[in-house]
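Noted in TrEMBL for the protein shown:
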- A:31-53: transmembrane segment (TRANSMEM)
- A:86-104: transmembrane segment (TRANSMEM)
- A:116-135: transmembrane segment (TRANSMEM)
- A:141-159: transmembrane segment (TRANSMEM)
- A:171-193: transmembrane segment (TRANSMEM)
- A:213-233: transmembrane segment (TRANSMEM)
- A:259-285: transmembrane segment (TRANSMEM)
- A:297-318: transmembrane segment (TRANSMEM)
- A:330-347: transmembrane segment (TRANSMEM)
Amino acid sequence: MTPSPSVLTGSSRRTFRLAVPPVSGVLRPRLVAVCVTLAVGAFLVFCWGVAIGDYPVGLADVMKALAGSGDPGTLLVVRELRLPRAMVGLLAGVAFALSGALFQTMTRNPLASPDMIGIIEGAGTAVVAGIVLGWDGGLSTQALGLLGALATALLVYLLAWRRGTTGYRIILVGIGVAWMCTSATDFLMARGGRFQAQAALGWLVGNLNGRDWAQVGPLAVTMAALVPAALLLGRWMRTLQLGDDLATGLGTPVQRARLALLLVGVGLIAFATAAAGPVAFVALAAPQIAQRLAGTAWPPLVASGLTGALVVLSADLIARTLIPGTELPVGIVTGALGAPVLLWLLIRANRAGSGG
Amino acid sequence: MTRDKGLRPVFLAAVLAALLVVLCLLSIALGALNIPLDQVVRTLFGHPDSTRVENVIWSVRIPRTALGLAAGAALGLSGALMQALTRNPLADPGVLGVSAGASFAIVLSVAVLGVGSVLGYIWFAFAGALVASVLVYLLGGLGRSGQTPVKLALAGVAVTSLLTSLTSAIALTDPDALNRYRFWNAGSLADRDGGVVLQVLPFLIVGAVLALSSAPALNSLALGDDVAASLGRRLGLVRLQGVAAVTLLTGGAVVAIGPVVFVGLVVPHVARVLAQQAGIGPDHRWLLPLSAVLAPCLVLTADVIGRLVVRPSEIQAGVLVAFIGAPFFIALVRRRRLAEV
């Protein structure tokens, strides 16, 4: 056997097979190009976000400060004030979008997003209860959100377990639990005072204001473990998409694969929500946008994550600069920004006749 | 279908109708002032025991019960319709942007025009619901190949999120608007006088007629676009009729009692299980009426319990609907292999 790759050329994809080491796969030039473009875009917006503010820093100085040099004043502003916020935006964007891609692929349903199966709603109820009833027990908003999210996720999984579980049952049970959490949140919002309601809403739309390294740390550690796991699980995810029977036939341990995918998806969304609040729409829209940009038949994981980061970072940039002197919550802008992009892609797909 | 099997759907319908009648009577009888059932019946037939009881029944309890009945039925119908149109069991009646449009219009009318009462913003809310839904319909159908269920649903989700963002932006900057919005958002049947019911009822009736008459077409649509077209269905027309019905039904219900759209998501699943048990299968000629009867049962139960638990104060029906409906729904999901759409 020679190690020369045998290449099958196609219009948009190439397969390759190496004898030593025994690796085969599909190359998708368009997907790679989309990923690179998104990564460059996200990096530029990231730097731009760090550069602007009350004390403007030049882009060149930002790069220098990121690398660890520059004058102490700039270093302080960049590293202690601006960088944590941008990092939370970047990481949360990736986490939301990856989690959304996992759920949508696993359930084969573009409307299924982790927003609707109770995890985010559970975090919201915990935080709003903390704000309105004062039941924070000395915990930070971040810790409350995380506890709420993880407790709800556990509850959903336990309730959906009955001699194994199916993706469909988890989603339906999740919808039931989400329904209760949303109602409890609405009830608390209506019960609380004006200012408490406003504070609660400020968290509920998703917010990056005043983030520091304490928020970045847990999210970064979690993602360092979960993002590679998500990428490794991608293979199982694709077989699960074919249905349980076929996946079993192809050698996928269905129950374990689903549990692993759920754990990864839930972990990502729980920590991201705790750090940034439930930033609207990213989990649902980013995978769909990425899928249409890359021209694939399923939401591509890496491209989804990069799209999520780009959407959240750009939204934060707009939120900070739209009204001078006021910092809008980022969640307001992600909804307003993501929606037209998704709509445009939908319409364009129609024109090309390539389907949704 | 054999005669033996044919009896069971009728039995099911009779049981549900009886349940609904009992719930209506309870909803008229119970509350801050409990009225014995015999007095309720006598008052309804024109022989009231006292003018106080007569007043409570005719000016408070009956409008409220009628509202729960009408809005509940509308949400159930539009939920079943929406899931059939998008062929997606996760679609709720809000997917077309109807409730987000209503929310946005309410917040806008309070913030910009200073509208203060339910009757004042009901027309704004309805206009918002209509505009959002038309926008989604048009956006979902742009281009050469026209609509597909997925595009319609995604266009709806996108418009919903856009409007929700704008609603939050206004609510965050205008405390008055937030104040109105959060009470409406919790969903309630309280403090709506007879005027609200009468104003939304025409829309709900037209919507219900449109919805029920589309049932045979929905059965074809469930087989996929190609098969439905080859069976002689005009897809564009079916979708237009469906979207119009969903808009009228959801719009009317949501402006009257708040965005309790979850009812419309969950109830059709229950209806499907019941239909399966009765040997009917997923036939929309049964599913739509079943959903229309089950949903008001849920809404009325929630409303009655909400009046009783913290007397003389109340818990909003929109909140209790979840706490009654969700455990029941979860138990159902666990027990049966739900028929996938």
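First residue shown is number 1, and so on along the chain.
Each Cβ is built from the backbone N, Cα and C atoms, and glycine gets one as well.
Note that this is a predicted model, so its numbers are computed, not measured.
Counting Cβ pairs under 8 Å that are 6 or more residues apart, the transmembrane segment (A:171-193) and the transmembrane segment (A:141-159) reach 3 or more and are in contact.
Through the fold, the transmembrane segment (A:213-233) approaches residues 80, 84, 87-88, 91-92, 94-95, 98, 102, 140, 142, 146, 257, 260-261, 264-265, 267-268, 271-272, 274-276, 301-302, 305 of its own chain, all at least 6 residues removed from its boundaries and within a Cβ separation under 8 Å. Segment contact is absent for the transmembrane segment (A:259-285) and the transmembrane segment (A:31-53), given fewer than three CB pairs below 8 angstroms at sequence separation of 6 or more. Counting only same-chain residues 6+ beyond the ends of the transmembrane segment (A:297-318), those with a CB under 8 A from a CB of the stretch are 31, 34-35, 38-39, 41-42, 45-46, 48-49, 52, 85-86, 89-90, 92-98, 100-102, 104-105, 208, 227, 230-231, 234, 238, 241, 276, 279, 282-283, 285-291, 330, 333-334, 337-338, 341.
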